[in-house]
Amino acid sequence: MPEAGDAVHLAVHVARGRWFTLFASFLIMASSGATYIFSAYSEAIKSALAYDQRTLNTLSFFKDLGANVGVLPGLINEFAPPSAVLATGAVMNLSGYLMIYLAVAGRIRPRVWQMCLSICVGANSQAFANTGALVACVRNFPHSRGAVLGLLKGFVGLSGALFTQIYLALYGRHGDSKSLILLVACLPSAVSLLFLRTIRYLNPKSEPSHPQSHDFKVLCSLLYTTIALAGYLMFVIVLQSRAEFSQRAYEASSAVLLFLTVVLPLAVVFREEASDLRRLKPSIENPNLESPKSIPNPKVSYLSSPSSKPTPNAKSSHLSSPLSSSRPPKRGEDFSILEAVTSVDMILIIFTTICGVGGTLTAIDNMGQIGKSLGYDAQSVATLVSLISIWNYAGRVAAGFASEILLVNRRLPRPLLLALVFLLSCAGHLLIAYGRALHLASVITGFCFGAQVPLYFAIISELFGLKHYSTLHNFGGAASPVGSYILNIKVAGQLYDREAARQSTPSSSGSPTCAGAECFKLAFLIITAVTVVGGAAVLVLVWRTWEFYTKEIHARHRGGGEAKKGVDLEEEMVPILD
C-alpha cells in the first residue's frame, strides 16, 4: 500500500523536521509562563498563610528570581542536549509548585523561607524550559531570530490567559485558587516530558535550501494563527466579564482554544514539511543528481569547537576561541562568556533590564493588590490579569516582527525600538500611580513587558554571537529579579505596608490592608523615574551600536546569510546524532 507508506514517511519526516521542533517549542512556551499569573492566586497564599504585603512581595521576588536566573540551565545546555534541560525543568516545576499547593491546602505548614525556596524552584523550571526550547529554535532558524523569538516569547505571554481558561473549563468560575496552583504544578511538566525527543539541534545542510524570505513567510503564517488565538482570547475574556458562563460554555470555549493553539499551527507545519519532503524526494530517489547543498552523513557531528570538525581552519579556530587572539572580538563575533559579561554593552543591557523589566514586573505582580485597593471585584481583577497576558503576547510578537522588518527595510536598530518601549511604559506607570484607567494601564504594562523580552534576547545574540548564547541570554534575564527586589519589595511593598498601617485602626485584626490610590502612588512615581533613567541608558546603547546595526547587521540580513567576517553557519548549528 504505497499510500499508507507515503503517509508514514510524511509523518516521520514531520516529526523530525525543524518546523515541528518549532511547533513543539510553541506548546512548551505556552505552558511555561505560569509565573505571570501569580496575582491570580497570590491572595489565596496571603489569606491561607496569613502573610502581610511585604512577605507576599518577598515570595514574589523569589518567584521572579527563579524565573529569570537561568545561568544554570544555560551552562547545562552548553554540554548536554536540550532534552536533559527540559527533563530537569519538568521535575523542578512539579516539585516546587506541588509544595505551594500543599501549603495553601493546609496539608503542610512551611516556614516563609521554605515557601520562598519552593516557589523559586518551581519558577526556575521556566528558565529551563525557555533555555531548552528557545536556544534550539534560534540555532535552527539563525536568519530569522527576531521573528522566532517574538513567536516563542509571545506564547509565553499568552500562557497566563490560556491557564485561566483551562482552569475555568476544569473547575468552573467558582473553583478556588488552590486548584489553579495544582494545574500550574502538573501541566507544564507533562508538556515538557511529552516533547523531550522533539526539541533538538538540526543540521542546516539536512534541510532544504530556502531563501530567507521563504522562512519569514512561513513564520508570518504561524503569526497569523497566534493572532487568531489572541483575538479569540480577548473576545472570550470580555464576554466572560459581561455574561454568566455555564460549565459547558467554559468547556466549549476551551475546545476552540485547543483548536487554535494546536490544530491550526500544526496544519501550517504539515504543509511546510510536506513541501520540504517534495523538494528532497528527487535527490533521495536519484543520489547522482547534484544539488547546491549536499546532505551530509548524519553520523558526523559539526560542533562549535574546532576540534570536532574534520578539517579545521585558522578562521574557525579564532571564532571558537576568541581569547586565543591578541584582540578582543568585534560585535557580531562569538564572545567567550567572560568577555561578554564584562563588556560595556552587556553592562548597559543588564542595567536597563533592572530599570525596565523590574518596573513592569512590579506592576504585573501587584496588579491583583492594585485592583483590590481601588475597589475592583475578583472577576475584574481576573480580567486585568488576562489583559496583561494577552498584551504581553502582543508586545512580544510585535517587537519581534517589527524590529526584524524595521531593521531590514529601514535600518532602524533594535535598541532604538527598545527606547520607545521604555517611553511607553512610563505612561502605564503613571496611570497606576494616579489610579486612573487601570484596564488601559494593564494593556500598556503587559505590552511593554512583553516587547522588552525578544528585543533583549535578539540584541544579545547579535552582539555576542550564538556560540555561548544559551548562557549569555540568561545573564541578561538574571538582572530582572534585581530590579524586582528593589522596586517590588523595597519600594512598593514597604510603601504599601506603611500606608496600610496608617489607615488601620488599633482594633484591626489580621494583616493590614490599604484602600485608595495612595497605596501605590508614591511607589509608581519612583518606578516612573527609574524607567526614565533606564531609557537614557538605552539611548547610550543605541549610540554605541548604531553603526553596527545600520551597516553590518543590515547587510547580513539583506545578504540572507550569516557569513560575515568568516562566521560559518555550520559552526552555529549543532545537529542531533542519529
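Using the three backbone atoms N, Cα and C, a Cβ is placed for every residue, glycine included.
Heads up, TrEMBL stuff is auto-annotated, nobody curated it.
Residues annotated as domain 'Nodulin-like' in TrEMBL: 18-270.
For 19-41 (among others), the entry in TrEMBL reads transmembrane segment. Within the chain carrying the transmembrane segment (19-41), a Cβ under 8 angstroms from the stretch's Cβ atoms is held by residues 60, 63-64, 66-67, 86, 97, 104, 123, 125-126, 129-130, 132-134, 136-137, 140-141, 148, 151-153, 155-160, 162-164, 177-178, 180-181, 184, 187-188, 191-192, 195, 198-200, 202, 218, 222, 261-262, 265-266, 268-269, 272-273, 276, 364-369, 381-382, 385, 388-389, 392, all 6 or more beyond its ends.
The transmembrane segment annotation in TrEMBL covers 84-105 (among others).
Annotated transmembrane segment per TrEMBL: 148-168 (among others), in sequence order. Note on the transmembrane segment (148-168): residues 22, 25-27, 29-34, 36-37, 40, 130, 133-134, 137-138, 141, 175, 179-180, 183-184, 187, 219, 222-223, 226, 229-230, 233, 236-237, 240, 245, 250, 253-254, 257, 261, 382, 385-386, 388-401, 404, 446, 450, 453-454, 457-458 of its chain, located 6 or more positions outside it, place their CB under 8 angstroms from a CB of the stretch.
What TrEMBL records for 180-197 (among others) is transmembrane segment.
Long-range contacts of the transmembrane segment (218-240) within its own chain (CB-CB distance under 8 A, at least 6 residues past either end) are made by residues 19, 22, 26, 141, 144, 147-148, 151, 154-155, 158, 161-162, 165, 168, 253, 256-257, 260-261, 264-265, 268, 272, 383, 386-387, 390, 393-394, 397, 401. Taken from TrEMBL, the feature transmembrane segment applies to 218-240 (among others).
Among the features that TrEMBL reports, transmembrane segment is placed at 252-270 (among others).
As annotated by TrEMBL, region 'Disordered' applies to 286-330.
If you look up TrEMBL, you'll see 302-314 marked as compositional bias 'Polar residues'.
Residues or ranges marked as compositional bias 'Low complexity' in TrEMBL: 315-327.
Only residues 6 or more beyond the boundaries of the transmembrane segment (337-364), in the same chain, are considered here, and those with a CB under 8 A from a CB of the stretch are 36, 39, 64, 322-323, 328-329, 331, 370, 388, 418, 421-422, 425, 428-429, 432, 441, 445-446, 448-449, 452-453, 456, 459-460, 463-464, 468, 471-472, 475-477, 479-480, 482-484, 486-488, 491-492, 523-524, 527-528, 530-531, 533-535, 537-538, 540-541, 544-545. Under the heading transmembrane segment, TrEMBL lists 337-364 (among others).
The average pLDDT for the domain 'NFD4 C-terminal' (352-550) in the predicted structure is 89. The domain 'NFD4 C-terminal' annotation in TrEMBL covers 352-550.
Residues or ranges marked as transmembrane segment in TrEMBL: 376-394 (among others).
Same-chain residues lying 6 or more positions outside the transmembrane segment (415-434) and placing a CB less than 8 Å from one of its CB atoms are 352, 355-356, 359-360, 363, 370, 395, 399, 402-403, 406, 440-441, 444-445, 447-449, 451-452, 455-456, 459, 517, 520-525, 527-528, 531-532, 534-535, 538-539, 541-542, 545, 549. Residues annotated as transmembrane segment in TrEMBL: 415-434 (among others).
Sequence-distant contacts of the transmembrane segment (440-460) (same chain, six or more residues past either end, CB-CB distance under 8 Å): 134, 145-146, 149-150, 153-154, 156-157, 346, 349, 353, 356-357, 360-361, 363-364, 367, 384, 387-396, 398-400, 403, 414-415, 417-418, 421-422, 424-425, 427-429, 431-432, 469, 472-473, 476-477, 545. Residues annotated as transmembrane segment in TrEMBL: 440-460 (among others).
Tertiary proximity for the transmembrane segment (522-543) is limited to same-chain residues at least six positions away from its ends with a CB under 8 Å from its CB atoms, namely 345, 348-349, 351-352, 354-356, 358-359, 362-363, 413, 415-416, 418-419, 422-423, 425-426, 429-430, 432-433, 487, 491-492, 495-496. As annotated by TrEMBL, transmembrane segment applies to 522-543 (among others).
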